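Structure first, commentary second.
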């Protein structure tokens, strides 16, 4: 124990944190953690589902509430599973001089054990073993000389730290770099400014200091109030905190407030739709974002969101303030969780004789395999870095899914030996007819099968989950290599591979933007669904498209695209998008367009007698109203003003959404019976679960 205390004194002197891993039986790990923590004063916060009663603890699911706070020493319990997001978040809260003690299973069997955390990112109902990530993680721990590994049955050996200069902690005054940025910000009359940095670099501190220098009013917003603890330590006491949605609601109600600066901390964790809506209300905005990690990735945020802003100035902070440079804890977790982006990721390629599309001979497309990543870790690093740069919601959860979740398919595109593009697909479909029927009816929603289930539950394509498909989860091309056909080449390659596997279709879900849809359309995809709500992540309406491969896939694509075109006249009342879809002029006078066909009867029966959502049935309801003379006040108000549910409920004297939905279903039932009672009964029986329908036919 003397070495433990000596190292802690060194850590305090050098301003660094250190990781100590206890590996063995569960009870042994806990006992040693208690003994070690008793040797040194500190917070010794436990992140565990099964912490001893005598310690301060919280589960991994609540670690996000700690962001913006600081602790001295902690214990992270990974005996039943590794929540890497919580691990990264916890490490970011530890002060210089701290130990992070990590409890893990016996070293030799760890990679073979079911990991409880897999329930968050795998589509399996039971925990699965995660050998690829655990072996990768173990390698990083063993490769770092400053990590202490104490295995049960072996002595505790703590190597002394290499000699380095004593650490001089920040004294509350801005550093030279912070001073430079503050000077530029104070001189700015308007604009959007972004500070990017890894954790512990003082970006929140700088934001707080800006309020002290501003003569006008400053407001603060962030994903949560607790995330602004450090910012508010340095901010003026009169700088209020606003939740992002509450701030937007206030601005929409009262207009632009008389505010000098809006400070947005950890901006990558706030929906881009909210950010886009907030920007016009404020003359000067300072946003901070972590370069990598668990709140979303700052580099991707810059590429996706900030690149579209006409006036945006980006600053970076590189030197740590809360601990010394080359901190052992930060270093090993950066390596293990692939937080460090390859320096040459966005370097431009050599010119290709002025061609806009790379010759196929220069493009090497290959299938990536998790087994190969253990022997060629640089390939994993490049693939994951590309995904992070192109999708700023990418997190360590995706790294775990990428390495160990079943049904993942990854293809990479190499140019001159460098990986410049990645395509990630996920297996979907293959559900039984009865389960697909229940998904369509809204009775069941099993894990996984994102697009396949949504096509059934929302687009009315009840048999979509029974077909075999692969969904495009992510596609990423290095920023300097775009517009050269790499993305299309990846899709074409995996289309051929899917055809070899006798799959029915490929699918993709994306935030609808005309240029993005143009890309998917150029790859052969057909639009089959537009969601009725804005996505929180993209601020766009969700779109789904499929690329048919088999006869059944072509039938599905044709049915879906024709249904969307037929419904779009009415769906536009809910979804203000300008889609180039084939439509009949004067559609309400076109008998074929407004006739109730079997698809409409199925849809309406699903709404009336099961749990189909109103949004999925809206167009069929509008057609139904043309054919019935019943008053149906709730449905007619819905057709006229579909986005004003609260007002409709109040007009009808109903309390709440549930009561209104119940009334809509009742009125639909009445209309079906009035139109054709026998046909309505046939479809009611079709909608029922198999066993219930059988009982109804044979009472």
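For all residues, glycine too, the Cβ spot is worked out from N, Cα and C.
The feature ATP binding site is assigned by Swiss-Prot to 178, 200, 201, 202, 203, 204, 205, 206, 207, 208, 209, 322. Other C-beta atoms found within 10 angstroms of the C-beta of residue 203 (ATP binding site) number 31, with every protein chain shown included. DSSP gives residue 203 (ATP binding site) a helix state.
Other C-beta atoms found within 10 angstroms of the C-beta of residue 485 (acetyl-CoA binding site) number 21, with every protein chain shown included. Annotated acetyl-CoA binding site per Swiss-Prot: 475, 476, 477, 482, 483, 484, 485, 486, 487, 488, in sequence order, evidence recorded as sequence analysis.
The domain 'N-acetyltransferase' feature in Swiss-Prot is assigned to 408-547; the stated evidence is sequence analysis.
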Check: Listing them in sequence order, which of the binding-site residues 475, 483, 487 have their Cα within 10 Å of that of residue 201 (ATP binding site)?
Finding: none
Notebook entry, point to check: In Å, rounded, how far does the Cα of residue 475 (acetyl-CoA binding site) sit from the Cα of residue 209 (ATP binding site)?
Noted result: 40
Next item on the list: Quick one: give me the count of other CB atoms within 10 A of the CB of residue 475 (acetyl-CoA binding site).
Entry: 26
Item checked: Residue among binding-site residues 178, 203, 205, 207, 209 with Cα closest to the Cα of residue 483 (acetyl-CoA binding site) -> 203
Note to self: For residue 475 (acetyl-CoA binding site), which of the three DSSP-derived states applies: helix, strand, or coil?
What the structure shows: strand
Next item on the list: Using Cβ-Cβ distances, find the residues under 8 Å from residue 205 (ATP binding site) that belong to the same chain and are at least 6 apart in sequence, listing them in sequence order.
Entry: 170, 178, 230, 231, 233, 234, 321
Next item on the list: Out of the binding-site residues 477, 485, 487, give me the one sitting nearest to residue 203 (ATP binding site) by CA distance.
Entry: 477
Next item on the list: State the Cα to Cα distance, in Å, between residue 487 (acetyl-CoA binding site) and residue 207 (ATP binding site), rounded to an integer.
Entry: 39
